[in-house]
Amino acid sequence: MLPVVVVHGGAGHIPKERSKNSMSGVCSATRAGYAVLKGGGSSMDAVVEAVTQLENNPSFNAGCGSVLTVKGDVEMDAIVMDGKTLGSGAVSAVRNIANPVQLARLVMDKTSHACLTAEGASQFARSMGVPEVPQESLITEYARMRWKKNLAPGANPVECQMGKMGTVGAVAVDSEGNVACATSTGGILNKMEGRVGDTPCIGCGGYADNQTGAVSTTGHGEAIMKVTLARLILFHMEQGQSVEAASDLGLAYMKSRVEGLGGVVTVDPQGNWAARFSSLQMAWAAAQKDTLHYGLYCGEHFTQSIEDPN
Ligand SMILES: COC(=O)C[C@H](N)C(=O)O
């Protein structure tokens with residue numbers, strides 16, 4: 001059953017013309033994460049590699065391709081967590097870096113803190129030699145178009161909150177049975193400056209514990225925070241639920257209790273995994289036993305050999 005990696009490219013509604021890129025993006029990030037695991041890398045190395053690839057891919061709302069704040073800027077959130085030690089690192093509202101997930105890992109590895117925010121996170125990045133990138137290099141035409149559209153009077157607030165978003169995340173179990181998670185996002189469209197979502201909050205955007213499993217979440221951040229979705233799912237697993245049932249229970253609770261939609265990828269230390277969502281779509285992929293699994297709509301589950309790039 002081991003190793004395994006499961007990746008998501010955000011819960012929401014993915015327009016038809018963008019769905020192909022989203023699917024190929026999550027599939028290649030999954031392959032990259034799986035290659036790390038097969039090469040003897042840790043689950044932490046694998047999730048950071050997969051999420052880095054998706055941050056670099058302009059089709060997703062993370063790194064390059066992030067949605068814009070109401071002022072037209074990019075402010076990003078990310079988290080990593082290591083199930084062996086319960087060590088975690090996060091950054092929130094960070095600007096001008098290409099790979100927030102790598103900075104989150106540096107927070108975990110090089111500081112005694114769990115989360116650094118805004119200018120403090122940037123200062124830390126500088127001190128670690130992380131290159132600063134111009135904001136323009138993180139902004140796509142598509143992100144700017146949607147920003148403008150959503151500033152217009154009468155813009156659909158649903159699209160604003162839970163629309164075509166593509167937060168990214170991954171969970172993995174390595175051959176030693178260690179679990180890890182990573183999640184990265186530009187947040188929600190036209191958010192207030194300084195808004196911090198669920199992603200960098202431990203137990204919300206992700207959680208990993210070798211005694212239970214690991215979860216990475218996506219969806220409406222304010223709803224996810226109200227129910228601490230990642231930790232809620234692991235609680236259900238502690239109560240004996242399977243990865244799939246626990247994921248569905250957490251998502252159903254968030255929907256009924258706070259009308260929140262979202263999606264998750266979940267693993268347990270034995271290598272059981274699930275990709276579940278209450279939104280219309282979520283691009284996801286998983287790799288296990290040299291097989292690639294993937295899907296986009298509810299109930300979809302395609303498989304192919306991991307070797308086959310098509
Ligand atoms: C699909 O959208 C997201 O996942 C956004 C992210 N959870 C946030 O609220 O910051």
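The chain as shown is numbered from 1 upward.
Just so you know, glycine gets a Cβ as well, placed from its N, Cα and C.
What TrEMBL records for this protein:
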- Thr167: active site, nucleophile (ACT_SITE)
- Arg195, Val196, Gly197, Asp198, Thr218, Gly219, His220, Gly221: substrate binding site (BINDING)
Original post:
At the Cα level, what's the spacing in Å between Thr218 (substrate binding site) and the residue listed as 'active site, nucleophile', rounded?
Top reply: 6
**OP:** List the recorded positions Thr167, Val196, Asp198, Thr218, Gly219, Gly221 whose Cβ sits under 6 Å from any atom of ligand 1, in sequence order.
**Re:** Thr167, Asp198, Thr218, Gly219, Gly221
Original post:
By a simple count of other Cβ atoms within 10 Å, which of Gly197, Gly219, Gly221, the binding-site residues in the record, is least packed?
Top reply: Gly197
Subject >> Three-state secondary structure, which DSSP defines for Gly219 (substrate binding site) >> reply: strand
Original post:
Of all the recorded positions here, Thr167, Thr218, which one's CB has the most other CB atoms within 10 A?
Top reply: Thr167
**OP:** Please work out the number of neighbouring Cβ atoms within 10 Å of the Cβ of His220 (substrate binding site), leaving out its own Cβ.
**Re:** 23
Subject >> Assigned element (helix, strand, coil) containing Gly197 (substrate binding site), judged by DSSP >> reply: coil
Original post:
Quick one: Cα separation, Gly219 (substrate binding site) versus the residue listed as 'active site, nucleophile', in Å?
Top reply: 8
Subject >> Diameter of the substrate binding set by C-alpha atoms, the set being Arg195, Val196, Gly197, Asp198, Thr218, Gly219, His220, Gly221, in angstrom >> reply: 16
Original post:
Which ones in the same chain are close to Val196 (substrate binding site), with CB under 8 Å and 6+ residues apart in sequence?
Top reply: Asp77, Ser92, Ala93, Thr117
Original post:
Around Asp198 (substrate binding site), how many other CB atoms lie within 10 A of its CB?
Top reply: 31
Original post:
Taking the Cα atoms as reference points, how far is Gly197 (substrate binding site) from the residue listed as 'active site, nucleophile' in Å?
Top reply: 11
